[in-house]
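TrEMBL annotations:
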{"type": "BINDING", "residues": "C:58, C:59, C:108, C:138, C:141, C:267, C:268", "note": "carbamoyl phosphate binding site"}
{"type": "BINDING", "residues": "C:86, C:171, C:226", "note": "L-aspartate binding site"}
{"type": "DOMAIN", "residues": "C:11-151", "note": "domain 'Aspartate/ornithine carbamoyltransferase carbamoyl-P binding'"}
{"type": "DOMAIN", "residues": "C:158-304", "note": "domain 'Aspartate/ornithine carbamoyltransferase Asp/Orn-binding'"}
């Protein structure tokens, strides 16, 4: 599925992979201008639908707020309370809601590539936004992370950025990695236990290690990932205590970074596991800023895909 | 419950039974004009509530979109997450939400006649729309089916229409049958295994059989019904494979119809059971057209009942 | 948590305890004017969120309708379908949704004091409305009860009011008691079995008894409370039949009150347990009036906290 049409215009937002620096900057610049000056209600009388085959209240609310601010009408579909339980395919669900006159779909799905597959089935004029598919991509999270980094640090060109945690299963990490590379981060480090490191291309060009103290030395930004509790049941992590001891971001550890380093987390946080309270709520934390930027980034994406 | 007041004006929409040809045509004509030209936001500041005692995401979304397009405020009530679980009666639920200033209710209920019973309890000025009650009626589905047929075929007067499947348990079939008779379809055929045929008046005047190949000969429209999987557990159908062999609409079978025959299905479809992919997605299928018309029909009904 | 700022302006509405007579009357007067004349859409472009850690469809719908009438954008969060299940704290949930630009929160929580604790975490400019916390407070219910009483009886000064039922576990009763005292009810009676009477200050100044016939003599208003079925499982009530025999409000019993006495209930009702049908639906019942007033009271509160 090519998310960009023959004229280079974005038709869907499925992944940050393959988007050019100019395309990313255009979205970030528009999001920043929304943060600074607000936006007109360009989507009045346009209907968008949150189509979630995997539950996520925060992401849904953020997109819903973005759509509301643009004046769009919002419909919500959640698989748990839907005809998905009557055996209808995701594709039929999409085609049906599309036939109701909905032009934008915000789609979350548990399987890698499921959103791109649905986009193949969409009519011209219908836009899909990937709100997370399996471990594949979460492009608006990647964009909001870049917007947040840029607000704090200016141009990303010279930055050393560290990603800590379960990169193997993280769509957030994959989208961040694509964006960081395209925007030219000086150095990307990854720190995780071997069991949570992905194979293949994902981490190409990154400095990889399993020693958090070493990895933190001199970085400008630390992006923590959520540790899903399933990882213990799967035997990939021994215990939450062990994980916190080896990979938890504490105030003491944070002192190893550049003194003006910033801390980010996509939420929801496991406080006391991957991040301590005094870091999460401390002066270097940009975590709530990320959430605020999320609405602006999603407005910019909805506008880019749907505005007349 | 009389859904029409002493002046012949529609107060509620509970069933298509008993509505005159003129009343049906008026709703269809208005729906068609909405399809062609859109509609004004006549229900601004009017509140409507989807009151679903049985879950149905698609029907709820269709009504919700219809209400949004008319500018109405929408509230959603679903019994599963409600004080229905605290033992409150459906009538008390209705009266309470009505007291909050809601003027239109879109009601789905598992029991035949439940929506009419609730309409008895409503204040003058409050309108109920039956969004499906038991096996009794689903009037907006009947209307959208007629609108779709009329768009494809013009006047319904000369048409031969075949309904295939579980007529016994289908509120869709009952509403379609009332409308087809009132609008003067030339011939109505029904094809189903004996176990899925209703007793009594429902099929009066129809040509009934259990041989699908024969039933398809020369018809202008085929309306397929969904096979609920419960029918197997109840022993009314031997297996999905058997059902598909005997009553599934395949491309080969479809060739027995008039060459310009159309195929309809109320959704959600069981692909490979009552209908094959190449029929559902083929050139004769009006299935997504039905969905699109559903929004327009529901707008026409909401307007007729609630507009100032 | 002080819900009033240094200038005496209401910042949150957490409880009616400690609000002055003037503050209560100001909210009631504004609600009455909304009942009489409607309200402008003062909250256009303002976002409010129903943040329910305990389910309640009616209260949510009432607040949602109030917010809609003021032109606000509404987001809904329910813990059951949320990242609460991913172990996020209620505080993090609030802070995140606040970061999305939401200015008003309507919060329900199963624990006493939970809403005040969340209010401590809110930014200046963010307002919380307690929509029920444990057995502690349900201030908008208290206000709507007072508005309803005042409409029926004029000034509350001379009134004898009886509260019947599970005062021990009732946040409604606590909020009503605070308001009745502040507004100067002449006499407050409480009637309940000993097992359902609270200890301590709650009932200070009230005339308490367990004989309903005696308690009803000459009162101007009877406020019935809902009997939660859990009380039986906890052994606090022998059976629903016993409860009805001793504490159920029947038409016969109601004759013991002043002839123009009014009957109230916060809903949802257990018909045939704490209240009989002919009382609930009879001429002295103000139960649906309470529901209607609920929307106006909530509009008045939302305006007071959030309007520019």
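Note that Cβ sites are derived from N, Cα and C of the backbone, with glycine treated the same way.
Quick caveat, the model's predicted, so the values are computed rather than measured.
Locations of recorded TrEMBL features on the structure.
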residue: C:58; record: carbamoyl phosphate binding site; contacts (Cβ under 8 Å, 6+ apart): C:267, C:268, C:291
residue: C:59; record: carbamoyl phosphate binding site; contacts (Cβ under 8 Å, 6+ apart): C:108, C:131, C:132
residue: C:138; record: carbamoyl phosphate binding site; contacts (Cβ under 8 Å, 6+ apart): C:130, C:131, C:132, C:171, C:172, C:174, C:175, C:266
residue: C:141; record: carbamoyl phosphate binding site; contacts (Cβ under 8 Å, 6+ apart): C:132, C:171, C:172, C:175, C:176, C:266, C:294
residue: C:226; record: L-aspartate binding site; contacts (Cβ under 8 Å, 6+ apart): C:165, C:166, C:265, C:266, C:267, C:268, C:269, C:270, C:274
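Its Cβ placed at the centre, residue C:267 (carbamoyl phosphate binding site) has 24 other Cβ atoms within 10 Å. Apart from the site residues C:58, C:59, C:108, C:138, C:141, C:267, C:268, the chain places the Cβ of C:56, C:62, C:131, C:132, C:172, C:266 no farther than 8 Å from the centroid of the site's Cβ atoms, the recorded carbamoyl phosphate location. Proximity to chain B, defined as a CB-CB distance below 8 A, holds for C:267 out of the binding-site residues C:108, C:141, C:171, C:267. Packing around residue C:171 (L-aspartate binding site) is summarised by its Cβ count: 22 other Cβ atoms lie within 10 angstroms of its Cβ, all protein chains included. Using a 10 Å radius centred on the Cβ of residue C:108 (carbamoyl phosphate binding site) and all shown protein chains, the other Cβ atoms total 25. Taking H, G and I as helix, E and B as strand and the rest as coil, DSSP gives the domain 'Aspartate/ornithine carbamoyltransferase carbamoyl-P binding' (C:11-151) the counts 68 helix, 27 strand, 46 coil. Spanning the listed carbamoyl phosphate site, residues C:58, C:59, C:108, C:138, C:141, C:267, C:268 have a farthest Cα to Cα distance of 16 Å. Helix, strand and coil content of the domain 'Aspartate/ornithine carbamoyltransferase Asp/Orn-binding' (C:158-304), in residues and according to DSSP, is 65 helix, 24 strand, 58 coil. When Cβ atoms from all protein chains are considered, those within 10 Å of residue C:268 (carbamoyl phosphate binding site) total 21, not counting its own.
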